[in-house]
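As recorded in Swiss-Prot:
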SIGNAL    1-22  signal peptide
CARBOHYD  39  N-linked glycosylation site
REGION    61-87  region 'Disordered'
COMPBIAS  63-79  compositional bias 'Basic and acidic residues'
DISULFID  93-108  disulfide bond
DOMAIN    93-132  domain 'Agouti'
DISULFID  100-114  disulfide bond
DISULFID  107-125  disulfide bond
DISULFID  111-132  disulfide bond
DISULFID  116-123  disulfide bond
């Protein structure tokens, strides 16, 4: 029983100590700007001044129009990449994700290549780039 009581008393003292020192100290109340300047560790003159500029409706509309133009140009560029003609397929070829060991013919997909793993024991046709 004495060991249990000693353990509980130690735990209680530790919790009181932890509770007392975990709270931040109360802040000093500053009376005026002079005490603020003398007590502050950061000098306010070190930071550049901030200027606030009001935006009018025209500037907002221009920025929206520019954003829409950028979006449409990106879509057109991606469409141009997709619309590229592909080479005609040869009859004896290996489908994507099928085995393509050295006696096998080339991959059917022009964007795919034969990729081997485990010291060339397991080979398969895989598409490496999506933008092909």
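For all residues, glycine too, the Cβ spot is worked out from N, Cα and C.
Separation of the C-alpha atoms of residue 111 (disulfide bond) and residue 125 (disulfide bond): 10 Å, rounded to the nearest whole number.
Within 10 Å of residue 116 (disulfide bond), counting CA to CA, the disulfide-bonded residues 100, 107, 108 contribute 100. All protein chains included, residue 123 (disulfide bond) registers 18 other Cβ atoms within 10 Å of its own Cβ.
Taking the domain 'Agouti' (93-132) as a whole, pLDDT averages 80 in the prediction.
Nearest neighbour of residue 123 (disulfide bond) by Cα distance, taken over the disulfide-bonded residues 93, 108, 114, 132: 114.
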